Structure formats: C-alpha cells, structure tokens
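Reading through the structure tokens given below for one structure.
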C-alpha cells in the first residue's frame, strides 16, 4: 500500500511540472501569386509577395473595367483608341490567370546590374529569360496602391513605376510566359501613349507602357477616388499649362546628353529614368 501511494505521489509531481513548449511560427497569410527565389530574405519576400498580389489586383480591375464598359469607356478610348478590346483584355487576364511556373523573381543580383545607379531591377534576358531581379532600390522607393492619388501623385505627371503594381506589371510583360513577344515597348511616357492611341495604331493594345497607364488610371478613377481619379496636368487644371510649357527645353537637353551613354539593351522613360532588359 505504501509503495502504491509513493508511486502515485511521484506521478502527480511529474504531471505538475511545467512542460516546455516550442512556439511555432504562424503561417504567413501573404501568398505570392508568382514564385520568389530563396535569395530574397524574409522581409523582401513579404514585400515582394504583397506587391505581386497588388499587381494582380491592378490587372484584374483593368480587365473588369474593359469587360463592363468595352469601347464605351472614355478612359479606354483615351489609351487604346478604337482598337478592339479583346487584346487588352487578354493582356491583363494572363497576369491574373496565366501559369506562373515559368516565372521567377530573385534578389541576389547575379548579373551585377543592381550596382548601377538608379536600377530598381531588371529582366535577365539571355542570361535567364524566365527570371527578373528586384534590386534593393525598389524596396525603398515603390509605393502601395493604397496610397493612390495621395502625396501629390497624379497619373500624367508621375512615373508608372511609382507603385509596385505598375512597375511589376511592366516587368512581367518582359517575361516570355506573360508577354509572349506580343507586348513590347512602343511609346514612352504619358504623352507618348496618348499619341499612340490618337493614331489608332495597332501597337496601342500591345504597348506595355499603355497597359500600365490604363490600369493605373482606371484604378484611380474607379477605386481610389471614385468618379474623379487623379489624372493631373491640364486635364484637371488648365491654368497650370502655361507654367509647365517652359520646362521641356531643359529636359530635352538632358535627354540628349543621356542618350549618348545609354547601353543598347536600355531605353529611357519620361523623366529620364533608365530601364534596361
């Protein structure tokens, strides 16, 4: 009897001892719609995954806008003229529903281009056509769509890569699995894409810059500030036009000087930003 009592007492004391638990990390709710290379650290992966989700959101809204309004949309006609909507719908739909297996975003700078001043990333081209590198600069300069139409941003006066979503949309179109050789670079800047549309040229629905501007403007008009948006420039305030007409002469001189140093695989965007493939 004493032995039984002693055994029960020992069991009770053991059961009362606190058990050591190893906390398990919570599952990250942020899932990237496209593969991210292990060279991206934990914070880069989360930022990039969130940014790619926003890119899909931007493309999906652009597609939905066209599906609902078609050529009756004034914003559609502004960017695509009288071109049929089928091609533009497909260009956005492949971002949303395309197979992501042959796409990879990485952060380890294998080609050394992130060391170049002003580079936020680049498509690897012949080195690895299915891969795009995102440089450190992107993580400190790109904005979320939640800030659309704030902090002075306007569609016409700011670069398309102000937002992660606009920048990554461009980078995705460089990849063969997405652009498929049908989406190319035909126009530069806001004025350039409008000129392309005014001529009703076929390239408008195949131009990566046009696809970015349209997606950003319909998101601003439909979502960020419904029914108003934030186009900026003369379209919002004709009184500002005279103040801005004297500046392009200096910009042209800077562009001419910059063109002498531009590598063959690069082109400049409005504002002088260099984009290389």
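A Cβ is built for glycine as well, from the same backbone N, Cα and C atoms used for every other residue.
The feature compositional bias 'Acidic residues' is assigned by Swiss-Prot to 233-263.
For 264-277, the entry in Swiss-Prot reads compositional bias 'Basic and acidic residues'.
Look at residue 41 (N-linked glycosylation site): DSSP puts it in coil. The N-linked glycosylation site feature in Swiss-Prot is assigned to 41 (among others).
Under the heading N-linked glycosylation site, Swiss-Prot lists 71 (among others). In the shown protein chains, 14 other C-beta atoms lie within 10 A of the C-beta of residue 71 (N-linked glycosylation site). Reduced to three states, the DSSP call for residue 71 (N-linked glycosylation site) is helix.
Taken from Swiss-Prot, the feature N-linked glycosylation site applies to 127 (among others), supported by sequence analysis. With a cut-off of 8 Å between CB atoms and residues at least 6 apart in sequence, the same chain places 110, 111 near residue 127 (N-linked glycosylation site), listed in sequence order. DSSP assigns residue 127 (N-linked glycosylation site) to a helical segment in the three-state reduction.
Under 8 Å, Cβ to Cβ, and six or more positions away along its own chain, residue 200 (N-linked glycosylation site) finds 81, 82, 83. Summarising the annotation, Swiss-Prot assigns N-linked glycosylation site to 200 (among others) and lists sequence analysis as the type of evidence.
Under the heading region 'Disordered', Swiss-Prot lists 230-277.
Here Swiss-Prot flags 1-16 as signal peptide, drawing on sequence analysis.
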Which whole-number value in Å describes the distance between the Cα atoms of residue 71 (N-linked glycosylation site) and residue 41 (N-linked glycosylation site)? 44
Using a 10 Å cut-off, grab the number of neighbouring Cβ atoms around the Cβ of residue 41 (N-linked glycosylation site), all chains included. 10
